[in-house]
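The following features are taken from TrEMBL:
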- 2-133: domain 'Photolyase/cryptochrome alpha/beta' (DOMAIN)
- 228, 241-245, 281-288, 378-380: FAD binding site (BINDING)
- 312: site 'Electron transfer via tryptophanyl radical' (SITE)
- 365: site 'Electron transfer via tryptophanyl radical' (SITE)
- 388: site 'Electron transfer via tryptophanyl radical' (SITE)
Ligand SMILES: Cc1cc2nc3c(=O)[nH]c(=O)nc-3n(C[C@H](O)[C@H](O)[C@H](O)COP(=O)(O)OP(=O)(O)OC[C@H]3O[C@@H](n4cnc5c(N)ncnc54)[C@H](O)[C@@H]3O)c2cc1C
């Protein structure tokens, strides 16, 4: 029987996993590499993988090891660069094949090439497309023309493509007993100071089991999907949106499996705009991956996909204030503090903080995107850089110069200020919506709420001109 290496990457599951299925009639060596470069620095000097995502990855590895063991497989965890570890394993086990899911962005492609170059020529390479709802091979042949706007892409895909059925999970694997399969390190090996944040929307636990459980909970137990369209722009609590992103990003759940669950839900419970909209959002995720595949490194360039030079004048202090949630604009600060404390931020929050950084503070969007890369529990290279390009105005957005008036957004999506009060206790005594504009309030009101701007809470870095249009008449 042929021996095959199964290289796990951002696909930490056993359900709907084509490389695993195709290895299941061979002697299979499943391997994951905890590449030390994952804990290097980004170009602006942030830790490449911050504490929230590191914790999530380690938990996902424990879960994967257990799931593989349940079907007779043993996961090897190497603490090395894949280009070093995988060829050594291939030699040791006399493997003649390697199977893995494709990635589409620069660092991952370089890594793949290095692995392949370091393998013996006799090792056959099998690559698979696996992280999107739609399969790359099923897209209309001229899809490239549709990748300049999401609606063109979506219309085309909805008309011309269908979602492939999920693949069955193998019942039994044939893996040799391995003496030293490699420890999964503890989080403390990377970060000394992790603490659980009780204000988090959800306690995100990594792994396929927890991911599938979250899907079951959101759809079946709590029946939240029927309201998704109306709740999706929320900011507080576990269920305003699905929170599937962290598990999708690391491949702990397959988007096709989610699709099948949504279709079952439509048959058994409700079929409405909300059920359509969740799939619609998964198509956004697909879109950014296909765009990244199409445009290559443009998603990492300051000019983005538009390839038009933009001058970024924002300074260091402005960036640091944004990063630390100390800009003096409560809606921005609340969102950034949520990100820092939990690794998660709502989509509405992400759009606003990205717009504020790039359009109001005029800081280079790449710096914000790299900070997100470091901090997000659900970091996905294509969704992150694609969305940042979009909001910064250098992406494939048909609307020229989209701008978020942060005060307007705050008043619409957090009308009573509950979200800001949740994350900014120093402003909590300000009543109702006035918490969104302490800089417009009188000294008397601030004194009564025990707030001293510049001391207990930051003076605003800037009050954008657009805010003045919304300045309330009866402030106190
Ligand atoms: C500046 C910025 C950076 C972002 N970075 C990431 C990232 O690194 N990883 C990531 O998964 N998402 C990213 N997003 C997209 C979106 O904010 C998150 O997917 C969403 O907030 C996750 O919450 P949810 O799972 O509850 O989403 P839901 O609203 O429940 O949506 C369901 C799923 O659809 C997908 N989805 C929804 N919106 C988008 C979108 N705009 N782009 C791509 N996919 C989407 C996600 O996989 C999500 O889990 C970013 C958005 C912005 C504006």
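Just so it is clear, glycine is given a Cβ too, placed from its N, Cα and C backbone atoms.
All TrEMBL annotations are machine predictions without curation.
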Rounded Cα-Cα span from residue 243 (FAD binding site) to residue 365 (site 'Electron transfer via tryptophanyl radical'), Å: 25
Recorded positions whose CB lies under 6 angstroms from ligand 1, from 228, 287, 312, 365, 388: 388
Number of helical, extended and coil residues in the domain 'Photolyase/cryptochrome alpha/beta' (2-133), per DSSP: 54 helix, 28 strand, 50 coil
Residue 388 (site 'Electron transfer via tryptophanyl radical') and residue 284 (FAD binding site), Cα-Cα, nearest whole angstrom: 13
Winner by Cβ contact number (other Cβ atoms within 10 Å) across the recorded positions 228, 365: 365
Cβ neighbours of residue 388 (site 'Electron transfer via tryptophanyl radical') where a neighbour is any other Cβ within 10 Å: 24
Mean of pLDDT values spanning the domain 'Photolyase/cryptochrome alpha/beta' (2-133): 97
Rounded inter-Cα distance in Å - residue 312 (site 'Electron transfer via tryptophanyl radical'), residue 287 (FAD binding site): 27
Reduced DSSP assignment, residue 284 (FAD binding site): helix
Residue 388 (site 'Electron transfer via tryptophanyl radical') and residue 281 (FAD binding site), Cα-Cα, nearest whole angstrom: 16
Sparsest-packed among the recorded positions, when each Cβ's other Cβ atoms within 10 Å are tallied, from 287, 312: 312
Cβ atoms near residue 243 (FAD binding site) (within 10 Å, other residues, all chains): 20
Nearest-integer angstrom distance between the alpha carbons (Cα) of residue 287 (FAD binding site) and residue 388 (site 'Electron transfer via tryptophanyl radical'): 14
